[in-house]
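For reference, the structure is listed below as structure tokens.
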Amino acid sequence: MLFICAITVYPIWYVLVNSLNDGVDAMRGGIYWWPREFTLENYKAVFETPGIVTSFGVTIAKTVIGTITHVFFTAMVAYAISRRDLYGRNFYMLVGVITMFFSGGLIPYFLLIRDLGLFDNFLVYIIPTMFNFFHLIIFVSFFRELPTSLEEAAKIDGANDFEIFIKVIIPLSMPVIATIALFQGVYQWNDYFAGVIFVNNPDLQPIQTYLYKVVAESSSNQMMTNAAGSIATKTVTSQSIKLATMVVTTLPIMLVYPFLQKYFVKGMLIGSVKG
Amino acid sequence: MEVKIQQPVEQQVSDTILAEPTKKEKIKKIKKTIISQKYLQTMALLGVVWMFIFNYIPMYGLIIAFKEYSIIKTISEAPWVGLMQFKEFIQDENFWIVLKNTLGISLIKLLIGFPLPIIFALLLNELTSMKLKKAVQTISYLPHFISWVVLGGILTTWLADIGVINDILLGLGLISERTNFLAEPDNFWAIVILSDIWKELGWSAIIYLAAIAGVSPELYESSTIDGANRFQKMWHVTLPSIRPTITILFILAVSGVLNSNFDQILILRNSLNESASNVIDIYVYQMGLQNARYSYATAVGLLKAIIAFILLLSANKITKKLNGTSLF
């Protein structure tokens with residue numbers, strides 16, 4: 001067990017340590033446990049690169065807006081479908097279940113996004129990810145457990161179904177909302193593929209896409225020229241910047257993760273396949 | 001007074017039950033329900049509209065696999081070409097390479113990657129210290145939250161000829177010369193499979209842990225009385241109890257078997273390991289989006305979906321026969 005933990009954590013630790021070490025010195029290798037020549041220059045360099053800051057802004061915006069719209073929209077549809085008296089419920093469920101097993105695949109999807117005018121548009125991060133049928137099922141099974149008497153009371157007070165959803169259901173559903181928000185937030189933060197295929201404009205590129213290009217480029221450079229030690233004039237190397245960018249990219253998730261942990265374990269229980 | 005009010009209501013109710021409802025009345029009734037649910041119906045329909053646009057229109061778009069689509073024409077204007085695109089793919093020199101890589105990576109992943117989380121969950125369950133258990137769990141699903149881009153960065157650094165893996169292997173005397181592991185096709189499958197297990201082991205175990213937590217403690221108590229040791233309890237109580245969960249996850253894993261983790265392979269592949277890293281998803285991406293051969297790439301993707309669906313149906317049937325659990 002401890003061995004598994006060690007191999008799990010070590011690669012993350014290695015990147016952190018090397019990103020805090022002087023770039024040229026790190027080229028010599030052999031930094032495993034602790035930085036040899038401690039420096040924050042790499043991080044300074046990261047934030048001085050103009051493209052990175054913009055990409056960071058895009059990532060934060062897409063994560064925040066994308067997660068909020070996703071949770072709200074999916075929960076809203078799920079609430080309507082969770083009501084047993086909804087006319088046409090079974091039909092709506094069938095429409096959704098089919099989407100879990102069949103899809104058009106990458107190319108028809110790409111053509112659709114392009115025809116909708118979402119190519120090179122910030123909304124490509126938001127609208128196509130607004131809804132997820134698997135998340136809907138988790139929401140539905142949670143809403144089913146809520147006592148119906150509260151809804152009835154609100155109805156007698158003259159609230160319509162939408163108001164009930166906003167004022168009664170949402171406040172009662174914080175655990176499941178936190179879970180789905182976590183799933184979606186992590187997805188939004190980590191997704192690089194949408195930025196690769198749907199966006200050409202570098203100002204709309206999220207940080208993961210930026211990093212993808214750096215990693216893909218540097219690995220092919222390494223293959224071809226074996227550039228080890230060729231940059232000796234500066235203390236910051238492309239390698240050390242890459243490592244620092246990786247840390248900066250991952251840090252936000254690592255920071256919120258312990259706080260949200262208790263929710264997602266519960267959420268996995270709600271959504272789990274129990275046979 | 002009370003009696004007077006109640007009577008007409010009762011009469012009305014019995015009237016509607018007694019009278020055979022005609023079609024018109026039925027429609028009227030449905031209309032009434034829908035109008036009374038106008039908010040709920042709007043909320044549900046918004047979701048249906050979304051699914052129609054983002055799920056069903058792409059399914060319609062699949063017909064370009066049977067056409068010669070180009071950007072100048074709309075989908076319906078493009079001329080039909082029948083199975084030409086499929087034939088071209090099967091005759092393509094890449095067909096066997098792509099098929100071999102897709103199936104090879106996926107099947108090995110299923111064979112090794114599927115049982116490991118179950119074993120891990122069983123072992124974790126045996127830990128008696130709650131504190132240790134929680135710590136191990138927290139650490140084990142940490143990598144799930146790191147993106148493949150970052151992991152790809154770590155892997156390319158570590159596996160490079162000046163990287164950590166070379167240092168270790170040299171130090172242990174297992175290799176005599178530094179090599180760039182990602183530049184060699186022979187290593188690619190192992191790298192992909194091991195790194196995927198590393199990333200998802202803890203996360204996949206959560207669901208089994210949840211299932212184990214649901215096993216009735218009485219079963220354990222009675223097996224203690226029968227003199228079972230820890231291993232016997234694991235084998236005779238825990239495993240049979242979580243079998244339905246295992247079965248369903250297995251069916252799902254089989255149906256997703258051809259999704260050979262696109263995100264991961266896209267970042268780890270390069271021109272030198274292409275003969276081992278070119279899987280169907282990558283091929284579709286290259287042909288469709290980089291070379292703009294939309295119809296051809298769609299046909300390749302459709303072929304993959306058909307094989308995956310057949311696999312899903314057969315896995316479902318087999319598990320249904322074996323132990324009576326199935327997805328549908």
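Cβ atoms here come from the backbone N, Cα and C positions, even for glycine.
Annotated domain 'ABC transmembrane type-1' per TrEMBL: A:56-260, in sequence order.
Among the features that TrEMBL reports, transmembrane segment is placed at A:52-79 (among others). Panel annotation: around the transmembrane segment (A:52-79), residues 46, 122, 125-126, 129-132, 135-137, 139-140, 143, 165, 169-170, 173, 177, 180-181, 184-185, 188-189, 202-210, 245, 248 of the same chain, lying at least six beyond its termini, place a Cβ under 8 Å from a Cβ of the stretch.
Summarising the annotation, TrEMBL assigns transmembrane segment to A:91-110 (among others). Long-range contacts of the transmembrane segment (A:91-110) within the same chain: residues 81, 133-134, 136, 197-198, each at least 6 residues beyond the stretch ends and with a Cβ under 8 Å from a Cβ of the stretch.
Beyond the transmembrane segment (A:122-143), the same-chain residues lying 6 or more positions past its ends with a Cβ under 8 Å from any Cβ of the stretch are 58, 61-62, 65-66, 69-70, 73-75, 77-79, 81-82, 96-97, 99-100, 113, 169, 173, 175-176, 179-180, 183-184, 187-188, 194, 198-199, 204, 206, 267, 270-271. Residues annotated as transmembrane segment in TrEMBL: A:122-143 (among others).
The transmembrane segment annotation in TrEMBL covers A:164-183 (among others).
The annotation transmembrane segment is assigned in TrEMBL to A:243-260 (among others).
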